[in-house]
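Record features, source TrEMBL:
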DOMAIN    25-475  domain 'Major facilitator superfamily (MFS) profile'
TRANSMEM  18-38  transmembrane segment
TRANSMEM  80-100  transmembrane segment
TRANSMEM  112-130  transmembrane segment
TRANSMEM  136-157  transmembrane segment
TRANSMEM  169-187  transmembrane segment
TRANSMEM  199-221  transmembrane segment
TRANSMEM  284-306  transmembrane segment
TRANSMEM  318-342  transmembrane segment
TRANSMEM  349-371  transmembrane segment
TRANSMEM  383-405  transmembrane segment
TRANSMEM  425-445  transmembrane segment
TRANSMEM  451-471  transmembrane segment
Amino acid sequence: MAVMLVAPSEGGQYNGKITWFVVLSSLVAATGGIIFGYDIGISGGVTSMEPFLKKFFPVVYHKMKEDSTTSNYCKFDSQLLTSFTSSLYVAGFIACFFASTVTRVFGRKPSILIGGAAFLTGAALGGAASNIYMLIFGRVLLGVGVGFANQSVPLYLSEIAPAKYRGAFNMSFQLCVAIGVFSANLLNYGTEKIKGGWGWRISLAMAAAPALVLTVGALFLPETPNSLIHHDNGHKKAKRILQRVRGTDDVQAELDDLIEASNKAKAIKHPFKNIIQRKYRPQLVMSIAIPFFVQVTGINVISFYAPVLFRTIGLGVSASLMSAVVTGLVGTSATLLSLVLVDKLGRRLLFHIGGILMFIPQMLIGGIMGAKLGDEGGLSKGYGILVLILICIYVAGFGLSWGPLGWVVTGEIFPLEIRSAAQSINVAVNFFFTFLVAQIFLTMLCHLKSGIFFFWGGWVLLMTGFVYFLLPETKNIPIEKMDKIWREHYFWKRIVGSNQDNKESMTEEP
């Protein structure tokens, strides 16, 4: 079964269908997102479980259970505890640069395989951990897996997807991240109730399930036509793969564009040097700004520490974990809605809607917690429910916009000659600020208290303006023709030159 689609390009059209082959390949690759989301969601859940805290973080356990003089906002303020969460992202930050070389030299598929194998090893160590060193080393290996997967999977999805539906296909990665967060929250809720206090081991070890799917599935994935052409001039093999994933024999127009892009890319010997050239300035700015803005929305704080945050406002362990399940379900549903709308409404409109849905709840949450939650005690049941509802609205806004679009836009705007380098910068910035936010959040919560929500809200306002003024629409534009959006943009054309400037330059050449 296949659905016909035609994706417009300059000077012609790409023919193709959404085939089961491309759908299954994309689903296997996007499993890397499930693991990433699972790792984000699982850490906040297990760090709110008392047996886990008692075994690995006894100082935090003592403050939570016996110290009545410590502020609500400061009970979980521990650099060792945040190191457990953030160690994954330090490892991912370093690994993504090695992943860039593997992806560029050997292809997308080997990078996905390495990521899956690292995930499996890290999950096994985490589940069997008997001391803090073994626990954190397992997190480091998970970080290596995340670094390789986040480098290669978005590129794989962008390159194998039909142009007209590239947004939806690439968004499947973020959908899987949301599914991973939700699954982790649901599992944490169940394992917390296991008698004997060893439920956290199941939570950590179950990361191996999606990792196994990714590792085994990657063995059967086809390499992308872009990668085949770029690495070994395998034009015939690339054409066969392209015909298979598009479901039609008429792929010459797309193949010609891929070959042309590959020839340009092969002329680039040092992509990290070339990306700082003036003509790539928009892509460089976006590869830094977009992942930075994703992190300063505050979403990973909610994902990492949702149960801890709900305990801060006075909920018990079980209620906190259930509240995290609810927010995870809302995030998954919103991302699914975004997947349906992204190629109809475009990227920019979803960014704007999401910005509004995130900004208003953060201002209200900050106001409620500032007025009603002191250093001791908790919120009343009514205000606790209201905060939960507002957090759900905020999570829905992120799931509709910055969550999936942060990967979609950065996965589609880079030309082939700098694509691997730019994606490495994107992933590295993402990991660096994920690590930074994870490492300092509990300390920030202790000192800023309810003001933390005003802090994140200010960034949401700024990033919504950034999109409005500086990010052009990328809907329905073939990935190898994406450079034209910068030459037509009112601001960026002053830096990279307009289409007219390029035509005049070509005319003047002898």
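Every residue, even glycine, has its Cβ placed from backbone N, Cα and C.
Mean pLDDT across the domain 'Major facilitator superfamily (MFS) profile' (25-475) comes to 83 in this model. Within its own chain, the transmembrane segment (112-130) has Cβ neighbours under 8 Å at 29, 32, 35, 56, 95, 99, 102, 137-149, 152-153, 156, 201-202, 204-208, 210-212, 214-216, 218-219, 221, counting only residues six or more beyond its boundaries.
Long-range contacts of the transmembrane segment (18-38) within the same chain, counting only residues at least 6 positions beyond its ends with a Cβ under 8 Å from a Cβ of the stretch, are 1-3, 5, 112, 115-116, 119, 142, 145-146, 149-150, 152-153, 156-157, 160-162, 165, 169, 172-184, 206-207, 210-211, 213-214, 217-218, 220-222, 244-247. Panel annotation: around the transmembrane segment (318-342), residues 41, 44-45, 48, 167-168, 171-172, 174-175, 177-179, 181-186, 188-189, 192-193, 302, 306-308, 310-311, 350, 388, 391-392, 395-401, 403-405, 408, 475 of the same chain, lying at least six beyond its termini, place a Cβ under 8 Å from a Cβ of the stretch. Here the transmembrane segment (451-471) sits against the transmembrane segment (349-371); at least 3 CB pairs are under 8 Å, leaving out pairs fewer than 6 apart in sequence.
Tertiary proximity for the transmembrane segment (199-221) is limited to same-chain residues at least six positions away from its ends with a CB under 8 Å from its CB atoms, namely 25, 28-29, 31-32, 34-35, 38-39, 42, 45-46, 49, 51-52, 109, 112-113, 115-117, 119-120, 122-124, 126-129, 138, 142, 145, 149, 156, 180, 184, 187-188, 190-193.
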